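S.K.: Okay, handing you the structure first.
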Amino acid sequence: MNMSGVSTVTEFILLSFPCSREIQVLLFMLFFVSYILTLMGNGAIVCAVKLDHRLHTPMYILLANFSFLEICYINTTVPNMLKNFLSETKTISFTACFFQFYFFFSMGITETFLLPLMAFDRYLAICRPLHYPNIMSSHFCMNLVALCWVTAFLCYPVPIYFITQLPFCGPNTIDHFVCDPGPLLALSCIPAPGIELSCSILSSLIIFISFFFILASYTLVLRAVLRVPSAAGRRKAFSTCGSHLAVVSLFYGSIMVMYISPTSGNAAGIQKIVTLFYSSVTPLINPLIYSLRNNDVKAALRKIHMCTKSSQSK
């Protein structure tokens, strides 16, 4: 396949985690179990919100969308990574590589948009409780969610198009488990500082603007919570926001290491570990963070479990 007119590379080799065959099989089993648990955990939250009418509020609509996003997110990388653990060639076609690049980054940007939206929802609920039902209606919430998805998927087509136009004449080995911009640009036959800079600026703007929006929202929330006279009220407000802050810390802490400067000289091993953390580990633990700290979600999950057991017994 020749997408640039001068490229001779028709496929890439994703090295993933080079090690002995036995370790590869062990890693396959480990990540397969993690993958199934991630699907089950996030799927349970989506089902709980969908089936329990008490959870049809903006806060839980956002949580369900976030869990659905995590399911989509891991499906951009983990299935191909699992296949590579058992494959001898570990190849991915030129087109599939850039499709993975596009969807992986689009899902990641959607997450950077949904997290500030969730922070904004908490700000309205705590700082503007009387106006909250009128401002953040379910219909308005769904429109904002749709805007996050659409905007995120429109951010990277142009940069990716220009990267595909670079000449890739070999080598074609990517020391990663995902088609990432840093390793891809390093394989180009000619330097592309303009594309590298544009990707870095775009990533930096998205990350920092969304992060500072979250920071500003929770600064206002913290100020409002500290004015609450009762200790019980303060604990409830902090509990409501605590889960989201934990997820924000995990996600932004890792992506800031990676994508402020995609080719800043990070060692390949560090790149893979950090990418693995925010693309596979956080989607696994996010359902635990939300469900263990949220009594409404736990009650809905117990209700679904009881209904399932009752239907099976019949």
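Glycine is no exception: its Cβ is also placed from the backbone N, Cα and C atoms.
As annotated in TrEMBL:
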DOMAIN    41-290  domain 'G-protein coupled receptors family 1 profile'
TRANSMEM  25-48  transmembrane segment
TRANSMEM  60-78  transmembrane segment
TRANSMEM  98-120  transmembrane segment
TRANSMEM  140-163  transmembrane segment
TRANSMEM  201-225  transmembrane segment
TRANSMEM  237-261  transmembrane segment
TRANSMEM  273-292  transmembrane segment
S.K.: Cβ under 8 Å, sequence separation of at least 6 from the ends of the transmembrane segment (60-78): give me the contacting residues as numbers and ranges.
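M.R.: Residues packing against the transmembrane segment (60-78) from afar: 31, 35, 38-39, 41-43, 45-46, 49-50, 100, 103-104, 107-108, 110-111, 114-115, 117-118, 121, 138, 141-142, 145, 177-178, 279-280, 282-283, 286-287, 290, 296-297.
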S.K.: Determine which residues of the chain contact the transmembrane segment (98-120) at the Cβ level, with the cut-off under 8 Å and only residues 6 or more beyond its ends counted.
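M.R.: Here the qualifying positions are 3, 59, 62-63, 65-66, 69, 72-73, 76-77, 80, 92, 144-145, 148-149, 151-153, 155-157, 160, 163-164, 178-181, 184, 206-207, 210, 213-214, 217-218, 244, 247-248, 251-252, 255, 278-279.
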S.K.: Kindly say whether the transmembrane segment (25-48) and the transmembrane segment (201-225) touch, using the definition of 3 or more Cβ pairs under 8 Å where each pair is 6 or more positions apart.
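M.R.: Between the transmembrane segment (25-48) and the transmembrane segment (201-225), contact is absent.
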S.K.: Which whole number is the mean pLDDT over the domain 'G-protein coupled receptors family 1 profile' (41-290)?
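M.R.: Mean pLDDT for the domain 'G-protein coupled receptors family 1 profile' (41-290): 86.
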